[in-house]
């Protein structure tokens, strides 16, 4: 039996947080699988490591993720990280700190 779209939306009763070393999101097929799995898991917030994406590649994530995106870009010292917040999570950002070496993102808000 097919799963309805409402079953793929994060619940208002709990918050599911996922941390995942994705080992690269540059390939379209892999990126689609990762975001499909995040949707299936009903992720409210996802912390992704080793995204291997540069700043110009953020649109690749925006096409797949419905919500807020905070991304520290890949370079030779760090492989890039991202924090994804689903659109149904009421989160207002007050500050964002990005590591210029692509190792971390700090997001402050409520």
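Glycine residues also receive a Cβ, built from the backbone N, Cα and C atoms like all the rest.
Automatic prediction, not curation, is the source of TrEMBL annotations.
Per TrEMBL, the features are as follows:
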BINDING   21, 50  Mg(2+) binding site
DOMAIN    18-105  domain 'Endonuclease/exonuclease/phosphatase'
Close in space, distant in sequence - residue 21 (Mg(2+) binding site), Cβ under 8 Å, 6 or more apart: 48, 49, 50
Coarse DSSP state, helix versus strand versus coil, of residue 21 (Mg(2+) binding site): strand
Coarse DSSP state, helix versus strand versus coil, of residue 50 (Mg(2+) binding site): coil
